[in-house]
Amino acid sequence: MNLKPKHQRMALLGVALVALVGAVLLAMWGLRSQASYFYVPAQVESDPPEIGQNIRLGGMVKEGSLGQAADGVTITFLVHDGEAQVPVRYRGILPDLFVEGSGVTAEGRFAPDGTFDADTLLAKHDENYVPRELEEMTAAQAKATVAETSE
Amino acid sequence: MIAELGLLALWLAAGLAAFQLVAAILAGRGAPVLGEATRPVAVMQGLLAGFSFLMLVWLFARTDLSVALVVENSHVAKPMIFKLSGAWANHEGSMLLWVMVMALSGALVALVEKRLSPATMRATLGAQAIVTLGFYAFLLISSNPFERLPVPAEQGNGLNPLLQDIGLAFHPPTLYIGYVGLSIAFSFAVGALLTGEVTRDFARTMRSWVLGAWIFLTIGLTAGSWWAYYELGWGGWWFWDPVENAALMPWLAATALFHSTSVLASRDALRVWTIMLAVVAFSMAMVGTFLVRSGVLTSVHAFAVDPERGTFLLGLLALFIGGALVLFALRAGGISEGARFSWKSREASLVVNNVLLTALLGIVLLGTLYPLLTEALGTRVSVGPPYFNPVGAAFFFPLVLAMMVGPMLRWKDSNWAPVAKRLAPAWATIVVILVFVLIEGTAGWLSALGLALAGGLAVASLLPLAGRKPWRAPLQLWGMVIAHFGLALTLFGSSSESAFIQERLVSVAPGDSAEVGGWTVTLEKTRPVVGPNWTAIEGDVRISDGERDYVSLHPQRRSFWSPPQTTTEAALWTRWNGQLYVVLGEKGDGSTRKLRMWWKPFVPFIWYGGLLVALGGLLALLGHARSALRRSIGLRRAAARRETV
């Protein structure tokens, strides 16, 4: 195939454009269908995600709710945001800074029994760094607590 | 005094950068004396920035507690190596390191580069001065590393324990050197746009710098992934975290860039495209830095989060990139077209490589920024592996095919039939592996395809050596063979891990055993141990295959006291065909502990491959340097001959 330089340039540009537009379309499709959405317990209550759909759940670990199943490796606890709460089940080793009363982001999906099965728990990373989702959570939680106690 | 000396040197260096810029501009308007001055000024500026950085390291070595940065990031009771690395394991120090590398590279360009015309050289040094000035301003205005405390502290806060690791002491500097190398490529591109001289010599000059930057980026990515794997204790090696993507994107752009500079250097084609890529590559380094430093994205390992700095970086980003794009729009039309070529040629395959790499870059960039865009619209989204893996594979797998075919094609024009035939062993490998994996039946289609293509690429990458005497093959060819083979290893390691990984999570009392991947893992006992600035619970974990004992592993849970934090030290045991990964968990009821174990088949290949890729780059760089030397000796001899005649 012998094209004139100008035509070759146009053809090249065409191929590159098609590939890039393809990449963008594929990316948008992927983002629409695959991205896991971030939920807080109140949203779960008002607009529940589908069972089995990958989502992120964020909130505070409810004080006194941390429990261990009989198999010795499954942890259960409640995540709340001051308005609603959701039971969470996690098989694995707890992150180092995971404590009751502190913020957590869990990745996973809802099981048919209404429990959230978490694959991954993200707790506070270190003294300086808190996931942004949790930062606001703490503020919202503080507000809610103040509202509760001042009533 | 030391802090003041460091700060003074920094101001002087910034002043020299400003002078370098003015001199470059005036020289372009007819003041040749000033043009002569740009080179020595660039060298002096590099030395001063280096001196300033040394002063900071000295402050950290002495743990000078009257300096705010030392107090925040160091502690008297810390091992010396981490006192030193504490100098750059924080925002201010790492930016000073960045500026120092940038200024020293500018000095090196001024000292060694002789291939460019004086005008392009001046314009390049001028552009480099602008970029460096931006970063000097950033340091001096918003992140002064030498700030004193009104009252000296008593002992210091310590360094984040996750950063007290030999991997992390050297991982960021490696990446920065890579980023900075891209800034040099960017300056070359701006210089060439200003003078309109996009020549093969320009491509050769830029190629060395891009290749150098790319080698460091490759090492940085490999080391970062290895660090995350063994230090974070969650058993993964790539998270598609924004911070990781921030390092991956410049790597993708740099990979495309040095391939396109090769086309420009060998065949004088792709002129405008190469310039554009150089701008994109440095933009990606800047975007990455902005994402990591500004805290606009949620990341497991973002640090130094500060909106003010984010704004400053965004301003710099807009200034540099916007300026370069405007210049590009004004000048690109004036750059004449290069040579044309056939669709069946080495050049064409490299164009395919460039298009696919750019598409991959776009996919990663979109996935990284998407949560930011939707959050602005009020929806919270997190994008992870379910997006990146399949969408990325859709472009990465064709890229692997291009890597198999491209090196077999000749420049200018080639024939398909003999190439396809020579590749027969690679096609056969792909089919055999696919059949084997499908019979095995446990792997998903992504990892099955990954394994097959990895095998095909491993074979295909060696084929260009076939029929040659290995010791006669040029270093550049060896570089390509080794780098492509290394990528095949990485792909093989990662696909094999996701296809055949085995995991166990158990609660065990001392003396209890569990099985994983054919190994019997026994927790013998746990005991307290003490380190220089931490205490830990350590497990004695015996590994056997049911008949004989192989090794004892010692996973730990460490508690640091300054700052108070717990870290997980996973225990790894490497065999030729895989790795056993053991993590000690928290205490359960009674004397039980959780134990999480993975058998990860061929996982170390991921990092061996990464190192081979970097080694390939190094060989290619040496090869190019050698031929450049030969060419200049040849030119000198020819000139001498002309004189004698």
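Yeah, the Cβs are placed from backbone N, Cα and C, and that goes for glycine too.
Per TrEMBL, domain 'Cytochrome c assembly protein' is recorded for B:88-294. Positions annotated as domain 'Cytochrome c-type biogenesis protein CcmF C-terminal' by TrEMBL: B:314-622. The annotation transmembrane segment is assigned in TrEMBL to B:6-28, B:40-61, B:95-112, B:124-142, B:176-196, B:208-228, B:248-265, B:272-292, B:312-330, B:423-439, B:477-495, B:605-623 (among others).
Within its own chain, the transmembrane segment (B:248-265) has Cβ neighbours under 8 Å at 178-179, 182, 185, 198, 200, 202-204, 206-207, 210-211, 213-214, 217-218, 221, 271, 273-274, 277-278, 280-282, 284-285, 287-288, 338, 347, 350-351, 353-354, 357-358, 360-361, 364-365, 368, counting only residues six or more beyond its boundaries.
Here the transmembrane segment (B:40-61) does not touch the transmembrane segment (B:312-330). Their Cβ atoms form fewer than 3 pairs under 8 Å, with each pair 6 or more residues apart.
Within the chain carrying the transmembrane segment (B:477-495), a Cβ under 8 angstroms from the stretch's Cβ atoms is held by residues 237-238, 400, 403, 407, 443, 446-451, 453-455, 457-458, 460-462, 464-465, 602-623, all 6 or more beyond its ends. Sequence-distant contacts of the transmembrane segment (B:312-330) (same chain, six or more residues past either end, CB-CB distance under 8 Å): 130-131, 134-135, 138, 141-142, 186, 189-190, 193-194, 275-276, 279, 282-283, 286-287, 289-290, 293-294.
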